[in-house]
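Notes for the one structure printed next.
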Amino acid sequence: MTTTDPVQLTADLVRCPSVTPTEGGALVLLERLLTDAGFSCTRVDRGEVCNLFARWGDKAHARTFGFNGHTDVVPIGDEAAWTHDPFGAEIVEGVMYGRGTTDMKSGVAAFAAAAIDFVQDTPPDGAVVLTITGDEEGDAVDGTTALLDYMDAAGEKMSVCLVGEPTCPNHMGEMIKIGRRGSMTAWFTVTGVQGHSAYPHRANNPMNGLARLMDRLGSHQLDEGSEHFDASTLAIVTIDTGNPATNVIPAQGRAAVNIRFNDLHSGASLTDWLQGEADKVAKEFGLEVDMKVQISGESFITPPGDLSDLVSRAVQTETNQAPELSTTGGTSDARFVKSHCPVVEFGLVGKTMHQVDENVDVAHIHQLKSIYSRILKDYFS
C-alpha cells in the first residue's frame with residue numbers, strides 16, 4: 001500500500017521560496033513527484049508565470065476529477081518579526097510554521113499525496129487532473145486562466161473540480177465554499193479649478209463634489225442579500241488630494257471604492273450604476289469626473305447538489321462535523337474554474353494565512369489528506 005506523507009511534502013514545498021510570481025522550485029518538485037507516480041505532466045508557463053498541468057488516466061475521460069491550487073505565496077513582510085524561519089517549515093509542538101503552510105502549500109500537498117496513493121493502490125476507471133498555478137496571489141492573469149486556456153486548446157477536461165483553498169474559519173471541517181462574491185474596484189478623479197482658500201468663489205473645489213459622490217455611494221444599500229449570498233458591500237478605500245497646503249483649494253481629488261457583490265449584480269450593471277452617480281455629481285457641481293473600473297471577478301454559485309454532497313459526506317465522515325455551505329470571503333481561482341466545470345472549495349483552517357508566523361497543525365494536514373482520499377474514493381465508486 002502506497003503512503004505518501006503530506007506533511008513532509010508540505011515542508012518540502014514551504015522550503016521553496018516561491019513568493020509570487022517566483023516559481024522557487026515548488027512546481028519543479030511537484031512535477032518530479034507526480035511524474036514518478038505515473039502522471040503525465042505539462043508545464044504551462046505564460047508570461048513570467050509558471051504553471052503545472054498533471055493528469056493520471058485517459059485524456060478527456062467522462063469521469064475526470066480535477067483539483068486546483070497554487071504554490072505561490074505572498075511576501076513575508078518584515079522577516080525580523082517572524083519567530084520562525086518563514087521558509088524553514090519548522091515543526092514545534094505539532095505545529096508547522098512558514099509562509100504557505102496554510103495558504104496553500106499544505107492543501108496542494110494533501111491532495112497530491114491523496115491522488116498519488118489513490119491511483120497507485122486502486123486505479124480508477126477515470127482520470128485525475130491537477131492544475132497548479134504560480135499566479136494566484138499576484139495579478140492572476142497568467143495562472144489558472146492560462147491552464148484553462150491550455151486545456152481548451154489541448155482537449156483536456158475536468159468533469160468537476162475541487163479548489164484546495166483554506167475554507168474553514170476556526171475549526172477543521174466547518175465550511176465548504178460553493179460560490180464566491182464578485183469583486184470590483186472603481187477609481188474616480190474629480191477635476192475642478194484650483195484657487196486660494198480665502199477666495200473660494202474664484203475656484204471650483206473638486207473635494208466638494210468628491211465628498212458628495214462618496215456619500216452617495218457609501219450610503220447606498222446595494223441589496224439585502226440573495227438565497228446563497230449575504231448583502232453586497234461597498235467600501236470607500238481611499239480619498240486623496242496630494243495637497244499639503246491648507247490655503248490652496250486643489251485642482252483635483254481622487255477616491256476609490258471596492259465592491260463585493262452577490263448574484264443580484266454583475267460587474268457591468270454596477271459599472272453603469274457608478275457611472276450614473278458620477279455623472280449626476282459632475283452635473284450638480286460643474287466638475288469633470290473620470291472613472292476607471294477593474295472587475296476582478298464575477299459572482300458565481302455552484303448550487304447545492306452532487307458535488308457539494310460528495311465533499312460534505314467526506315468531510316463529515318472524517319471530522320464528525322457537518323460543514324456549512326458558504327459563499328463568504330474574498331475571491332479565489334474558483335471564479336475562473338466555474339466557467340469550465342462545477343467547482344467547490346474545501347481546505348484547512350485559514351486563521352493565520354498571510355500573517356507573520358503563518359502556521360498549520362500537522363494533524364490537520366493528515367486529516368485533509370484523508371478527506372481528499374475519501375472524496376476520490378467516493379467519486380469513482
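Every residue gets a Cβ built from N, Cα and C, even glycine.
Values in this document were obtained by computation on a predicted structure and should not be read as measured data.
Annotation source Swiss-Prot lists active site at Asp72. In the three-state DSSP reading, Asp72 (active site) counts as coil.
Annotation source Swiss-Prot lists active site, proton acceptor at Glu136. All protein chains shown were included, and the count of other CB atoms within 10 Å of the CB of Glu136 (active site, proton acceptor) stands at 28.
All protein chains included, His70 (Zn(2+) 1 binding site) registers 31 other Cβ atoms within 10 Å of its own Cβ. Residues annotated as Zn(2+) 1 binding site in Swiss-Prot: His70, Asp103, Glu165.
Swiss-Prot lists Asp103, Glu137, His354 with the feature Zn(2+) 2 binding site, giving sequence analysis as the kind of evidence. Every protein chain shown contributes to the tally, and the Cβ of His354 (Zn(2+) 2 binding site) ends up with 15 other Cβ atoms within 10 Å.
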Can you check which residues sit near Asp72 (active site), meaning Cβ under 8 Å from its Cβ, same chain, 6 or more apart in sequence, and list them in order?
Ser18, Val19, Thr20, Pro21, Thr22, Ala26, Thr133, Gly134, Asp135, Glu136, Glu137, Gly138, Gly143
Select the most exposed residue of Asp103, Glu137, Glu165, where exposure means the fewest other Cβ atoms within 10 Å, treating these as the binding-site residues.
Glu137
Using His354 (Zn(2+) 2 binding site) as the reference point, find which of the binding-site residues His70, Asp103, Glu165 has the shortest Cα-to-Cα distance to it.
Asp103
Excluding His70, Asp103, Glu165, which residues of the same chain place their Cβ within 8 Å of the centroid of the Cβ atoms of the recorded Zn(2+) 1 site?
Gly69, Met104, Gly107, Glu136, Glu137, Gly164, Pro166, Ser332, Gly347, Met353
